[in-house]
Amino acid sequence: MQAIAKNDIKTGTVVDLTHEGHGVVKIDRFPIFIPQALINEQIEYKIIKVKKNFAIGKLLNINTRSENRVAPPCIYYERCGGCQLQHLSYEAQLEMKKEQVINLFQRKAHFDNSKINDTVGMTDPWRYRNKSQIPVGKNEQNEVIMGFYRQRSHDIIDMESCLIQDSQHQEVMNEVKSILKDLNVSIYQEQLKKGLMRHLVVRTGYHTDEMMIIFVTNGKKWPQKNAVVEKILDAFPNVTSIKQNINDSHSNVIMGRQSITLYGKDTIIDQLTDSTFKISDQSFYQINSEQTEKLYNKAIEYAQLTGNEVVLDTYCGIGTIGLYMAPHAKHVYGVEVVPSSIEDAQQNATINQCNNTTFVCGKAEEVILQWKAQGIKPDVVMVDPPRKGCDETFIQTLLTLEPKRIVYISCNPATQQRDALLLAEKYQLEEVTPVDMFPQTTHVETVALFNLK
């Protein structure tokens, strides 16, 4: 193999894209990963890091450009870590995400008879985020900065706009930055673990335009609190809720456990098709409301509900998917380990007049065995776990339950593939549909249908 050393300047042809969106050039089968390089491009690059099994390169010149390369519209794209694919046409982004799923399920796990559908995309893949989490800091000149982190770091890129956030959020961000400066609010400095203001979080109802503004502070005491609220109301008189969240943990976790309502309601309202949901500052709620409706509609299609089925909604959160399915089912049973989420789910069931739902707090693998002992036999089980996927104990419990169908929504297809191999003992993976919940990024959500063999 050719010698490869740091600072070498080389040329080559990009033959693949990684799941992180990096171009791959190979030298005698040894891979070099190069951010922002695209398949079929002939490039010049510099080796910046060499490991035992791979190297990292920096793109210097593109000698032959891909037909899928586009000019990134965001002026911060080269520095900000929020997006990874703005230089790739949207049609090619959707195809790349489908290829990721094919690679996981067919090439690696050999689900050769399972259908992988085209990625469900957006008509306008911008301004889709209904929640923004914006770190606050200071630059070397001791000025207040707000924006998003540089890739793989906690260095804040100061910015005035973000093309994937709701446009209202950037208006709030810029106004808050001005208010913090004017009132000389203490700013948290992560390295020193000192200061007050840590994050600004903004949530909006996609269909209702209700807005919640949350200030995350390092401690409860905040001398300028009332003045900040007054200035926010002057600038945004229609704001629904203003809250203070206290996080003094000095960790990477953005929000703490305690929240105080400073103005307005404790929650905001949003709608998904015909269902209404109360959303608190801590609620898990899908970031992209438009794509969530498409995702849930595909899940209902896979569930094949006629009105006579008993549905178990595991990892149910605030009840969004379960309540979405309730009008089409005989009864929906939801289970979630977070107590506040179950309280929200129960309230949401009342708001939507869903009398055919039951929501219980506990570990899914334990609660569903209790339901089984009570004679509750599900026809369909909904699974929507966090990125780490399902606990193996839960999978084994599910196998003993033997529902006719399992509909599995995942924000991490790699762990979904792992779980699919365990479910294969009794279930046939019929098909997987990727849904583009996060355009311009490498993330892809999937929904899969498993039928009992």
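Just so you know, glycine gets a Cβ as well, placed from its N, Cα and C.
Keep in mind it's a predicted model, so treat the numbers as computed, not measured.
Feature annotations, reproduced from Swiss-Prot:
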| type | residues | note |
| --- | --- | --- |
| BINDING | CYS74, CYS80, CYS83, CYS162 | [4Fe-4S] cluster binding site |
| BINDING | GLN286, TYR315, GLU336, ASP384 | S-adenosyl-L-methionine binding site |
| ACT_SITE | CYS411 | active site, nucleophile |
Distance [Cα-Cα, Å, rounded] between ASP384 (S-adenosyl-L-methionine binding site) and CYS74 ([4Fe-4S] cluster binding site): 32
GLN286 (S-adenosyl-L-methionine binding site): which of the recorded positions CYS74, CYS80, CYS83, CYS162, CYS411 is the nearest Cα neighbour? CYS411
Cβ-Cβ distance under 8 Å, sequence separation of 6 or more, same chain as CYS80 ([4Fe-4S] cluster binding site); the residues meeting this, in order, are CYS74, GLY147, PHE148, TYR149, ARG150, GLN151, ILE157, MET159
CYS83 ([4Fe-4S] cluster binding site) to CYS411 (active site, nucleophile) - Cα separation in whole Å: 17
How many neighbouring Cβ atoms, not counting its own, are there within 10 Å of the Cβ of GLN286 (S-adenosyl-L-methionine binding site)? 24
Structural state of CYS80 ([4Fe-4S] cluster binding site), classified by DSSP into three states: strand
How many other Cβ atoms are found within 10 Å of the Cβ atom of CYS162 ([4Fe-4S] cluster binding site), counting all protein chains shown? 23
Env. residues of S-adenosyl-L-methionine site, Cβ within 8 Å of mean position of GLN286, TYR315, GLU336, ASP384 Cβ: PHE284, ASP313, CYS316, GLY317, THR320, ILE321, PRO385, ILE409
On a simple 10 Å Cβ count over all chains shown, which one of the recorded positions CYS74, CYS83, CYS411 is most densely packed? CYS83
GLU336 (S-adenosyl-L-methionine binding site) has its Cβ surrounded, within 10 angstroms, by a count of other Cβ atoms equal to 26
